[in-house]
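Colleague: One structure coming up, written as C-alpha cells, with questions to follow.
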Amino acid sequence: MKAITLLSSGLDSVAALAIAAEDFDIEMAITFDYGQRAREREIEYSRKVCEYFGIEHRVIKLDWLSEITSTSLVNRDVEVPSLSFEDIGEAAPAEITDASAKAVWVPNRNGVMLNIAGSFAESRECEYLVVGFNGEEAGTFPDNSLDYVKAMDRAFFYSTQNGVKILAPLIELGKTEIVRRALEAKAPLEYSWSCYRGEEIPCGECESCVRRARAFKNAGVKDPLLERLGI
C-alpha cells in the first residue's frame, strides 16, 4: 500500500514516518512553509530525514496562511511562552497549557495541510496520509485527536475518488511511548526538530521542547539531536 506523509521534522512526524515505512510504501513527504519561526530548521531537517529514507521531499509554501496568523508561532513580535515540566504535569492547571496552545495556534492549519496532501495522495493513487497526531497533544490540540482523524476520513470519502484515509500510528501514545517506538523503528531522531523558536539550537523552554525533554527523560535515553549538537 502507498502513502504520503506530512513531515514537519518534529519528533512525532519523524516517528510516524519511520513506523509507517515498516509496512507502507512511502511515495513522498510534504513539508509546509507557512512563515513559522522554525521553517528553515524544519525544511532542512525534513530534507535530511527524507534522504535517510530515500523518499521524495516536497516543500509547499503557504504565504497566505502566514498573513492571517497573528500568534507567536509565526509573528516574531509575539513572545513564545516558556514552560516547565511542572506546567505540563497532570497536576498543573489546564489554563497554562490552554494559553500555550492558543499562543501558537495557526488558523485551521491541520485542515489546510491535510486537504492539500489529500490532493497529492489522490493524484498519485496513494491510499493513506501519514500524520504524527498523538494522544498527548490531543488534550490541548483537538485537531490531533482520534475524533478529528475520523472526521477527516469521512470528508475524504466524499472529496477523493480513491477514499484517502489518515494513518495515525501514534494516535493513542504519549510522548514517552513515542520516543520508545521511534527508537525501535530506527527513526533518525538526530534530525528531528521540535523547537517552536527555530534558532541554531533548541530553546529548551517552549512547550514543544519541554514535552520532548520530558519524554526522553522518562524513556531513560539521551536525545539524539542534543547529542549530535553537542548539548
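A Cβ is built for glycine as well, from the same backbone N, Cα and C atoms used for every other residue.
What Swiss-Prot records for LEU7, SER8, SER9, GLY10, LEU11, ASP12, SER13, VAL14, ALA15, ALA16, LEU17 is ATP binding site, and it gives sequence analysis as the kind of evidence. Annotation comment: Swiss-Prot describes CYS195, CYS203, CYS206, CYS209 as Zn(2+) binding site.
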Colleague: Cβ neighbours within 10 Å, counted over all protein chains: which one of the binding-site residues CYS203, CYS206, CYS209 has the most?
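Modeller: Counting every other Cβ within 10 Å of each candidate, the maximum falls on CYS206.
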Colleague: In sequence order, which residues at least six apart in the same chain have a CB under 8 Å from the CB of ALA15 (ATP binding site)?
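Modeller: Same-chain residues close to ALA15 (ATP binding site) (Cβ under 8 Å, separated by 6 or more) are GLY132, PRO169, LEU170, ILE178, VAL179, ARG181, ALA182, ALA185, ALA187, LEU189, SER192.
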Colleague: May I have the list of same-chain residues other than CYS195, CYS203, CYS206, CYS209 whose Cβ is within 8 Å of the Cβ centroid of the recorded Zn(2+) site, in sequence order?
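Modeller: Sorted by sequence, the hits are VAL80, SER194, TYR196, ARG197, PRO202, GLY204, GLU205, GLU207, SER208, VAL210.
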Colleague: Inside 10 Å of the Cβ of LEU7 (ATP binding site), count up the other Cβ atoms and send me the figure.
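Modeller: Other Cβ atoms found within 10 Å: 32.
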Colleague: In whole Å, how far does the CA atom of SER13 (ATP binding site) lie from that of CYS209 (Zn(2+) binding site)?
Modeller: 15
Colleague: Sorry to bug you, but what's the C-alpha spacing from LEU11 (ATP binding site) to CYS209 (Zn(2+) binding site), rounded to the closest Å?
Modeller: 10
Colleague: Which are the residues of the chain, LEU7, SER8, SER9, GLY10, LEU11, ASP12, SER13, VAL14, ALA15, ALA16, LEU17 excluded, whose CB is within 8 A of where the CB atoms of the ATP site average out, their centroid?
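Modeller: Near the ATP site, the remaining chain residues are VAL49, GLY132, SER192.
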Colleague: Counting only residues 6+ away in sequence within the same chain, which have a CB under 8 Å from the CB of LEU17 (ATP binding site)?
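Modeller: Spatial neighbours, sequence-distant, of LEU17 (ATP binding site): THR5, LEU7, ILE26, ALA29, VAL49, PHE53, VAL130, ALA187.
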Colleague: Roughly how many Å lie between the Cα atoms of SER9 (ATP binding site) and CYS195 (Zn(2+) binding site), rounded to a whole value?
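Modeller: Just about 10 Å between their Cα atoms.
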Colleague: If one measures from the C-alpha of LEU11 (ATP binding site) to the C-alpha of CYS195 (Zn(2+) binding site), what distance in angstrom results, rounded to a whole number?
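Modeller: Between the Cα atoms of LEU11 (ATP binding site) and CYS195 (Zn(2+) binding site), the distance comes to 10 Å.
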Colleague: If you count other CB atoms within 10 A of each CB, which of LEU11, CYS195 wins among these binding-site residues?
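Modeller: Result of the Cβ crowding comparison: LEU11.
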Colleague: Can you see whether DSSP assigns CYS195 (Zn(2+) binding site) to helix, strand or coil?
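Modeller: Coil, per DSSP.
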